[in-house]
Ligand SMILES: Nc1ncnc2c1ncn2[C@@H]1O[C@H](COP(=O)(O)OP(=O)(O)O)[C@@H](O)[C@H]1O
Ligand SMILES: [Mg+2]
């Protein structure tokens, strides 16, 4: 975010109210703007409505939300157009199906297309194959390309899910707990990749995180949800204060700064 | 820190180049096509066998002669080949393919490996429809006599799928709700058929029991033609939806987030399944096993890319039923055992030999 962004740049959601049955899960939430070229975190305890907010922004649950991307209204678009621009990556891992990883990525690209059954030539799928291979290489898993999804570990499937999402090349990525099944190395590696991709292609990336230290040091902007309401949003160091952590996460915690300027949350106990 | 930077200097030696991956994928596609071709070849062999075995065993030469020059052979031989053998053999292939495809689509849209026209009540509903005609004499007006039972069976079978669809659209319904409801339908219709059997006269009872055993001997040319036409109408829509269905297999929410209109894909598949499977079971009675296992065989042989999985399920179904039809002639000389009885006996070894093999795609 070098030059000052126009006020409309990025993804904004206003007046998001979602109810499941009679239960109101999100109450008039306003979130954003999540700026292009940045990586933003959506934080909050379990059940606070993070997934629901992401689904509402992606148009996957009925809501009264007004969602705009770079000033353009998304709400009126068809599901196909909308998901092509703003892609939600669900919290659940991709199912363990008997399908090679490469094909899982190709299918994710071709969903809306008519299939050519029984064609041995991959010419019609060439661009899908190309972007699938690029995406697998980006996440460092080309060696999994020909392995079946039902022979992968959970973490590997999560990487495949991420590769699927990025191979579609949307402008906006809403990633729901994309690090949940990853080891320490891959958590940081994926954050690195997302930051680089976001800068390189001016993507809007919003992700749900539970690791506050990653949020503090590797994101540009955080939004905190609590009981279906937005309670804070802004730069991570300004938002994640001991008061907020006690209020929202119900822990006694301090935010400390290491010698190299990196911040970390140190938890003393539960409140 | 190498694993995520394959372009770096310390790239692990096991990482294949992109060209290697492309080649491997090409090889996989070619291998799948050859598996489909082998299944197709096996069906042809089985149909030939179906022809040349049996009480009035004709030699292959006589057979081909009768097929090519029907007017030059004795009438009895012509009738056996053209009016009995050929329609039976083709019906076995068509019904097997219809049930295989129906099972495959049902298992995908309901995300359940136990879904099939048999396990979700379509067959049982058809039997109930048949029993209405056989026992109570209730039937649709305006149909010719030979179509009365099939007409009833068809209407009830379609109705049962319609009920599944309605339940699937209720609020709070999940795919597991639909599967449970389908199983409830099986028990309900079975109970109703038992009630009919209890009330039936001795003749009607015999007809009904025989109908529920599932048999190809009720085949006529118009029925073969109608089923084939239905297949020609419906199958292109199935194949066209292959990518959406493949994505749906990876999870409903994931498919939706990738832009698949999940309710529409489900409803389209259910419509196709209802037409194909209802027509198939209404012509041949209850043939249970095929729709359940053909998709599993296809999945194991070909993977779950629906571009191959759907045609694979059709071919596997056609092969099982054709082999069953052969076995039904051979088991007791001079007697044609109802195919429905034989199907499971033939299918289980076939099924186990494929499903219990080592997993893996390449
Ligand atoms: N499909 C659903 N039906 C009913 N309630 C739901 C559904 N999905 C989520 N909820 C409820 O909505 C609330 C928010 O859920 P969610 O957005 O998944 O939370 P988070 O992702 O922050 O953990 C939770 O209390 C949950 O019980
Ligand atoms: Mg969640």
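Every residue, even glycine, has its Cβ placed from backbone N, Cα and C.
According to TrEMBL, the protein carries these features:
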type: TRANSMEM; residues: B:33-53; note: transmembrane segment
type: TRANSMEM; residues: B:86-106; note: transmembrane segment
type: TRANSMEM; residues: B:118-140; note: transmembrane segment
type: TRANSMEM; residues: B:146-166; note: transmembrane segment
type: TRANSMEM; residues: B:178-200; note: transmembrane segment
type: TRANSMEM; residues: B:220-239; note: transmembrane segment
type: TRANSMEM; residues: B:273-297; note: transmembrane segment
type: TRANSMEM; residues: B:309-328; note: transmembrane segment
type: TRANSMEM; residues: B:335-356; note: transmembrane segment
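Counting only same-chain residues 6+ beyond the ends of the transmembrane segment (B:273-297), those with a CB under 8 A from a CB of the stretch are 91, 94-96, 98-107, 113-114, 116-119, 122-124, 126-127, 129-130, 149-154, 157-158, 161-162, 211-216, 218-219, 223, 226-227, 230-231, 234, 309, 312-314, 316-317, 320-321, 338-340, 343-344, 347-348, 350-351, 354-355. Against the transmembrane segment (B:33-53), stretch B:309-328 shows more Cβ pairs under 8 Å than any other of B:86-106, B:146-166, B:220-239, B:309-328.
Sequence-distant residue pairs (6 or more apart) of the transmembrane segment (B:309-328) and the transmembrane segment (B:86-106) include at least 3 whose Cβ atoms are under 8 Å, placing the two stretches in contact. Each of B:118-140, B:146-166, B:220-239 was scored by its Cβ pairs under 8 Å to the transmembrane segment (B:178-200), and the highest score goes to B:118-140.
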